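TrEMBL has this to say about the protein:
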- A:19-220: domain 'Cytochrome b561' (DOMAIN)
- A:12-37: transmembrane segment (TRANSMEM)
- A:57-75: transmembrane segment (TRANSMEM)
- A:87-106: transmembrane segment (TRANSMEM)
- A:126-148: transmembrane segment (TRANSMEM)
- A:160-179: transmembrane segment (TRANSMEM)
- A:199-219: transmembrane segment (TRANSMEM)
Number of protein chains: 2
Amino acid sequence: MEGGSAASTPAALPYYVAFSQLLGLTLVAMTGAWLGLYRGGIAWESDLQFNAHPLCMVIGLVFLQGDALLVYRVFRNEAKRTTKVLHGLLHVFALVIALVGLVAVFDYHRKKGYADLYSLHSWCGILVFGLYFVQWLVGFSFFLFPGAPFSLRSRYRPQHIFFGATIFLLSVGTALLGLKEALLFNLGDKYSAFEPEGVLANVLGLLLACFGGAVLYILTRADWKRPSQAEEQALSMDFKTLTEGDSPGSQ
Amino acid sequence: MEGGSAASTPAALPYYVAFSQLLGLTLVAMTGAWLGLYRGGIAWESDLQFNAHPLCMVIGLVFLQGDALLVYRVFRNEAKRTTKVLHGLLHVFALVIALVGLVAVFDYHRKKGYADLYSLHSWCGILVFGLYFVQWLVGFSFFLFPGAPFSLRSRYRPQHIFFGATIFLLSVGTALLGLKEALLFNLGDKYSAFEPEGVLANVLGLLLACFGGAVLYILTRADWKRPSQAEEQALSMDFKTLTEGDSPGSQ
């Protein structure tokens, strides 16, 4: 169980990561298939603008956000700085795609004269987007922008990890709520007659939950955590030792 | 950060636990208030039988299940066996209450002639209930029923913890889906007019998510984990040392 300090990759990790990617890609493809087969496809300048919303959110706030969390497990032996930049960049892509998804739905509502932000899905969605943006800003200024003291970094790190995982899970939950809303709006009574669209969307919902579970599993397995490297130990990890006057790297 | 080995209770833990309980109790009270004020209350032998479903699920699969997970953080200095029995018992109560909730909805559907198990909420619900029951059975036979070898226990333990937390989060997600379903069925177009019931139920949904987040935070904080006690170390924890021929308790 305590194999975390070895530099090599744990034997089972690549299979779990591959499985999570298979789930994630199936999820994106199935969202596209649902919108294409049953919702008329996607186009910005028409009633189909709404359909950009679920696709952008599944790609950005579910698939890319999930993959950004896995970066530290997958690139275990790269330099920490490279991995950090990749982690930050994936989150930027996710944020931008989610912003497009957000614009799509507000623009569609405006054109149609629909009310905004009345549903539980929309409340959760705005909360998730706001938290995700704040988390990115704080994460950037603590970990990527130079100058944050080691003490602050090491105190904030567990909070960053917890809130990162929580925002991801809340994103998955919000996507489930949105899917449910779309089904009930579009299918109505036909939903209870096991219409193919309803069954497909239910499977999509289970896939969403499974992708969330797979990412969480890889993220939380203690023996799969990224081993801290010699450079990091010397540079930033041994804050306590530094302040107590010992030489860095000893322990 | 490494204060987990001390026998005393971390200073902030009681406040976080108290906050989670305040959230949980408000959640149960608000579910009752929603059903009482807007859904006509609860009665088994009438159309109000359905209303037993959300109340039982919020009490059993959200509040009690969440509290069962916190038992090891709250009762840090009790004997491990006592804490285990309490953990198992709370899960039994949760399972029985959830079973009543399940019977309520199936019975109501049967009387009304409604279709069963067509929605994403129902698929997730059956999955959660099945997983929860299996998790309880496996947990009981590994940890409470005497005779499971130490090696199996220590190998299964991290899986039990991961699946426990995941099933709890899936329960919260399923409750959110059910709440959303009830709102769209009952309010229809009035939902977008910011009807008081809709706003109350949205707040209830946010409370559900917050309770899930609070339990997850207390559960995952590394320095709040239950310290292993001398008795346990001697009895079961040092499996590796035992098999390697050293005396138990050494490390």
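The backbone N, Cα and C atoms fix where each Cβ goes, and this holds for glycine too.
Whatever TrEMBL says is automated annotation, not expert-curated.
Take the transmembrane segment (A:12-37) and the stretches A:57-75, A:126-148, A:160-179, A:199-219: counting Cβ pairs under 8 Å, A:199-219 has the most. Long-range contacts of the transmembrane segment (A:199-219) within the same chain: residues 13, 16-17, 19-20, 23-24, 26-27, 30-31, 33-34, 37-38, 58, 62-63, 66, 69-70, 73, 165, 168-169, 172, 175-176, 179-180, 182-183, each at least 6 residues beyond the stretch ends and with a Cβ under 8 Å from a Cβ of the stretch. Mean pLDDT of the predicted structure over the domain 'Cytochrome b561' (A:19-220): 96.
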